[in-house]
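Listed features, source TrEMBL:
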- 8-72: domain 'RNA polymerase Rpb2' (DOMAIN)
- 109-162: domain 'RNA polymerase Rpb2' (DOMAIN)
- 184-216: domain 'RNA polymerase Rpb2' (DOMAIN)
- 231-604: domain 'DNA-directed RNA polymerase subunit 2 hybrid-binding' (DOMAIN)
- 606-690: domain 'RNA polymerase Rpb2' (DOMAIN)
Amino acid sequence: MERIGVTQVLSRLSYISALGMMTRVDSQFEKSRKVSGPRSLQASQWGMLCPCDTPEGEGCGLVKNLALMTHVTTDLEEEHFIELAYNLGVQKFDLLCGLELHEPNVYLVFVNGNLIGIKRGYKSFVKMFRELRRHGYIHEFISIAPHHTHRCIYIATDGGRLLSGKPKVTEKHIQELDYKIRLFRDFLKDGLVEFLDVNEENDSVIAVYEKDIKPNTTHLEIEPYTLLGVCAGLIPYPNHNQSPRNTYQCAMGKQAMGTIGYNQKNRMDTLMYNLVYPQRPIVKTSDLINFDKLPAGQNAIVAVMSYSGYDIEDAIVLNKASLDRGFGRCLVYRTNKTVVKRYANQITDKVRGPKVDAETRKPIWKHMALDHDGIAAPGVKVDNFQVLVNKSMPSVTNVIPTEVERLQSQEQPFKDVPLVYKGILPSYVEKVVLSSNIDEVPLFKLLMRQTRRPEVGDKFSSRHGQKGVVGLIAEQEDMPFSHQGIIPDLIMNPHGFPSRMTVGKMIELLAGKSGVLTGQLKYATAFGGDKVRDIAEDLIKCGFNYEGKDCMTSGITGEPLEAYIFFGPIYYQKLKHMVVDKIHARARGPRTTLTRQPTEGRSRDGGLRLGEMERDCLIGHGTSMLLLERLMLSSDAFNVDVCGKCGLMGYSNWCHFCKSSGNIASIRLPYACKLLFQELQSMNVIPRLKLAKYFE
């Protein structure tokens, strides 16, 4: 059983990210095992769990998400329902003989898996139980399901079951709901909508569409799109896309930056991304989760064409003038914090004012951002390695019993331990909060703000799993334009369509174009939404090509382009992956203590690893000096004294085994190699180095 990940921190990267995480169902199955059975989509999960929203990689199929109308039950006391079952005619076992259990119309009655008695004839009992539930006399999450093969009736009141709402409403009830005469809760009370679990669904005949209703139909699905989850429900026309594309969008929709909540200006998250100008999508799905109120993306005018060589392999070309007007611009907030500690000798940290240059009488460069109280002031620009809080700690922090009185009487020496800003780009201090933590220790929090505009290498994605990085930012005058004078914000390579089969993206462009021309929002809900034929007719009425293609003119040559260009608005998401957060280079830097090789990772200012495969390629090319330079000289070269007589390593020009210095030679080898030799010696395996003259 998996013990890791039982509690998780709620992701507030975006509104959809938080909502998607709250509907997550994490399997306890071991993720490292390569078994297909538990990862497959089971038939019983239809309408309960989203068929699209699952991560790629080792969690595929094991981490699932609830569908839109799914509820998870909580535990209810079963004693009341056992008593109710007896009142409805269930007989206890102490009144029966063994032969009666084998009569054909006798059904065993179970409550949460515990056998409580028998019932002769199941129909009246099940019908009465369901009527009581529909009229609100018992809880709506109780389930009763007969199993004819086992000749059992299963009643469930336990927690952790998945339930889905199924209506029995008519046109009259829908009108009452539209006019707010009745609410969804009233339908529940009147038994017009009831929640069925998987066992009870097996005893029901449920129609997906109204046209499927037959005489024996018991329920109707509220809407076909309710079988999808929160993230998949936001994809326009998902039923027209290749299945994996919807899965990719479910993952990328959670990484799209936008608005995370109405209180985002008051929050002090460790890391928060906000889009400066989020827009509602022109082509949208049903308003079930209020995505329109907290959107994450912008409507971009897209031309599907090849433009220069900078758009190959899904790269996109952006219009520089669109970026100047604010397309894709975002704010990145980071919180830096530090505490003022009190140590065992009762001396506390100090926050001091900025250090002043003796000649100019101005603060030194590192303290340029500090106010007179030693804390950076709101609105100040802070560069890399500048101090945010000028904190000092006492040099002596432990208690020495004999020195207590002397330490208290004289002033203590302090050493600087400032809170320093680290970042490639400068930031601005948005807010400073002085507070205290749970132990009443003073706490300083500084919220830093960066404004970023899209640059080459930033990642964008449409709502159909079509991701791409910016390959070129072109001047507006070099971009193609239509005969109406419209210049695209974004150019996408047409080779992204044939193999991906994202037909939903094509229909979204058509619907978006129609919506702009008619001044209406278009609906693209799964298994429904506006029809392509109606959209095409709207385009024809407005004087446009029904295929969404326009004649465009080259901005470079001024001549019309030879082909008609598929051209219109598509909703694009700016993802959190930005090149400024990924860029990394190193000349010299820190090394690990054990192996004396460069540290690993961007956060630790680490080196760039030359792995086994790269080494194999260099060996294949015969570049021996490059191998020497990469694997030793630039990594962990170390001078070692070696005895030419015994072949063991010496120390300080002296061989401890031969007790002489006559045969000592100094050689250079990787420190990791020297460490390996010493570890082997500790296990009584003695490697000996055989020396030879360098030019022999």
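In case you wondered, yes, glycine gets a Cβ from its N, Cα and C as well.
Summarised by DSSP class, the composition of the domain 'RNA polymerase Rpb2' (109-162) is 12 helix, 21 strand, 21 coil. Taking every listed stretch (109-162, 184-216, 231-604, 606-690) in turn, the largest tally of C-beta pairs under 8 A with the domain 'RNA polymerase Rpb2' (8-72) is reached by 231-604.
For the domain 'RNA polymerase Rpb2' (184-216), the list of distant contacts is 44, 47-48, 71, 73, 126, 130-131, 133-136, 140-141, 143-147, 154, 156, 161-169, 173, 177, 222, 224: same-chain residues at least six beyond its ends, Cβ to Cβ under 8 Å. The DSSP breakdown of the domain 'RNA polymerase Rpb2' (184-216), given as helix, strand and coil counts, is 13 helix, 7 strand, 13 coil. Across the range of the domain 'RNA polymerase Rpb2' (8-72), the DSSP-based residue counts are 14 helix, 12 strand, 39 coil.
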